[in-house]
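Annotated features, as they stand in Swiss-Prot:
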BINDING   G103, L104, G105, T106, S107, A108, A109  ATP binding site
ACT_SITE  D150  active site, proton acceptor
Amino acid sequence: MMVEAKVPLKLTLFGEHAVVYDRPAIAMTISESLKVKVSENDKFLIISPSLNIKGVKLDLNEMKIESDEAKKVLRYVFEVLNYFEMKKPVKIEINSTVEPSVGLGTSAAVIVGTVAAYSKYLGIDLSRDEIAKISHNIELKVQGIASRMDTYTETYGGLIYFPAGGKGFEKIDTNFELTAGYIRRSMSTADVLWRVRTLKESNKEVFENILDVIGEITNRAKSLIVEQNFEELGLLMYVNHGLLFSLGITSPEADEIVSRAKQLGIKGCKISGGGAGGSIICIKSVEAEVLLRSYNARIVNSTLTKDGVIFSIL
């Protein structure tokens, strides 16, 4: 028996980092994806030929991991298997259309895909809510800090608004279009999250005020998306980027790209996701794509998808 889970990757439109501290956020799934394939084997074996530059191979029976990057990715897989008490040995193959740690939610996708595929292989029928909750708890366990935004967005799919307070979500029916690409990051999302936590502890009042403004922007952005008022929405993207800059989340290259976008008259542009480089999104235009390519950004297929994780028995 072989089970394959296909997980859409995601872009964060508004509220990244603020969502960790119970402010609202908006994210959407895109046409880039990650697949997790689970098949019968006599021992636990994890293979990821595309998720890292050199590829990864791990024998859990011997517990030998040579790559630091592999440790980060495969820790998620191990925790999923451990959650299900490693009931049956399997081979797990992970393939992604993009490289990891670029702000597109590949870490969450690894977890969601493994939870969905391995549970189905074991004959356990989980609801989407159960997949999302299990995945979020595992991400939180591994990283120490995490919001539910990535795991829930990739489980359910579509453009999703997460209200303040960390409970519930709302899917928004829209044909919103973006131009998106990614540049190299200087640190992982987990590392950026801890940097932001340090800032919070040293400047709590200022930090909370900035997050409150980001929350107000996110709520206004939700209304503008529904109204399809992309002119004002684009202005809020620039403001949101500036606030993320004030939190130390952006990078010099990303700031330069966003500044240049504004000079060129591109309607809206900001970083998306963890920061420190990574993904950059703009209101869809030819000019935005030309700009991103001029900085050697890898353009991603940012077409909005309505489906979350799906699985098939092969």
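Counting starts with 1 at the first residue shown.
A Cβ is built for glycine as well, from the same backbone N, Cα and C atoms used for every other residue.
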Between the Cα atoms of L104 (ATP binding site) and D150 (active site, proton acceptor), what distance do you get, rounded to the nearest Å? 9
Just to verify: the residue among L104, A108, A109 with the fewest other Cβ atoms within 10 Å, which of the binding-site residues is it? A108
Note: in the chain of the residue listed as 'active site, proton acceptor', residues six or more apart in sequence with C-beta under 8 angstroms of its C-beta are K10, A27, G105, S107, A108, E139
Additional residues around ATP, ordered along the sequence, whose Cβ is within 8 Å of the centroid of G103, L104, G105, T106, S107, A108, A109: L9, K10, L34, P100, V102, V110, D150, E154, G273
Give me the count of other Cβ atoms within 10 A of the Cβ belonging to G105 (ATP binding site). 30
Provide the three-state secondary structure of T106 (ATP binding site) computed with DSSP. helix
